[in-house]
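Annotated domain 'CAND6/7 N-terminal' per TrEMBL: 27-156, in sequence order. Marked as domain 'GOST seven transmembrane' by TrEMBL: 175-415. Marked as signal peptide by TrEMBL: 1-23. The transmembrane segment annotation in TrEMBL covers 176-197, 204-222, 242-268, 280-298, 310-332, 360-378, 384-404.
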Amino acid sequence: MAAPYNSSFFFFVFVLLIATAVAEIRSTQIRSDSRSTIPFDEFGYTHFGRLNLTVTDISFSNPKSGPEPVLSELGFFLVTREAWQHVLEQLQDGDIRCTLHSDLVKRVFTFDQLQSSARQFTTSFSVSDANQFTLVFANCMPNLVISMNVHSVMYNFNPKGGQLDFLSAGKTALPAIYYLFFVVYVLMGSFWVFALYKKRLSVYGIHFFMLAVVILKALNLLCEAEDKSYIKKTGTAHGWDVLFYIFSFLKGITLFTLIVLIGTGWSFLKPYLQDKEKKVLMIVIPLQVVANLAQVVIDETGPFGENSYTWKQVFLLVDIVCCCAVLFPIVWSIKNLREAAKTDGKAAVNLMKLTLFRQYYVIVICYIYFTRVVVYALETITSYRYQWTSVVAAEAATLAFYAFTGYNFRPKVHNPYFAIDDEEEEAASEALKLEDEFEL
């Protein structure tokens, strides 16, 4: 099977990933922005939290020659999601004219505190309320356009050990979680190598591809663990984010490719791919490139970065298209097996093949639904203190999917995948006649 992209293409993608990778501590440029509220970042604080804020190159103008800006109505504040809803109600009811006037927000710095003619400031703000806060800039002057460079550092302080924790309160356990799953995948890969050696006479190319997928997944988890570990300690990833994005890119492409190859029966049912199956790969691989680039932009610009919403929609659309595309080869294989069952006289074999492919089809759908819908719902409804639970759920589901795939498509001595029982041939033939046509 020929590779659809040459090496220069992958090199371009990796260079682009490296170019977009920045530190976890946010540095944001605001240019000629007239929005009344500009959100920057979210962070889950403990009772010993702190925000360090540095703003430089401040400039503002009123293109419509309005009144001079009231500096007390320009500034930064922290607010929770729940409080923000009430602040909006206060604005609608006319109780307040500016979000900075609400008693539900924590004012960090207002521009009337600037020294005369100063265009920059640095401030530190302590947070004693354990909650998830969003850093927001308020501009309560209509038509006022502002430009500035904002550098924010959010962290929690451990009073017992004196360590600083730059991970949000609900994510501080992520390094240990990723390390644990990395060890599990290393053990899984070692067991798979042993199985391939033991059944080496029945090994096909697809089995080595499955091993590559497990190895890339393990390396992806290792890099993510190191990434989160360095961010937890220092606030920056020290280059581990670049490696994480690279292995995440490779892992995503190889996993979807593996599902397509298994669905087509490549290597263990037939040594080639049909044109329509190649077209599926030609669709899935480029879409995975786009999905990974979108994920990089979303991660590195933060939840409120410029065009972040657009990139989230792109990622969601591309991911859904990929998930749908990988299902078609499985359905095609199921239909081909049903047709073969009517002509080749091997009812028992074809019935078992049909059963396995149907099971795999259902498992793929369940895996996609759980990791895309259930995990997202878990992130939404779970308290900020337990954000790690959605990561555990997603990784556990992925591990279960890998284990199911490896167990059911493992090499076997007599027949690579299907145990033939001649005594059940007649019963299987009758079962195939009674079964309804499989459809999506």
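Here, residue 1 is simply the first one shown, and the rest follow in order.
Backbone N, Cα and C define each Cβ position, glycine as well.
Because the structure is a prediction, the values reported are computed rather than measured.
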The transmembrane segment (242-268) in contact with the transmembrane segment (176-197), cutoff 8 A, at least 3 CB pairs, sep 6+: no
Range from 280-298, 310-332, 384-404 with the greatest count of C-beta pairs under 8 A to the transmembrane segment (204-222): 384-404
Dominant neighbour of the transmembrane segment (176-197) in 280-298, 360-378, 384-404, by Cβ pairs under 8 Å: 384-404
Distal contacts, the transmembrane segment (384-404) - CB-CB under 8 A, six or more residues away: 44, 130-132, 168-171, 173-174, 177, 181, 184-185, 188, 213-214, 217, 221, 363-364, 367, 370-371, 374-375, 378
Close approaches to the transmembrane segment (360-378) from elsewhere in its chain (Cβ under 8 angstroms; 6 or more beyond its ends): 259, 262-263, 319-320, 323, 326-327, 330-331, 334, 389-390, 393-394, 397-398, 401, 404-405, 408
Residue counts (helix, strand, coil, in that order) that DSSP gives for the domain 'CAND6/7 N-terminal' (27-156): 22 helix, 68 strand, 40 coil
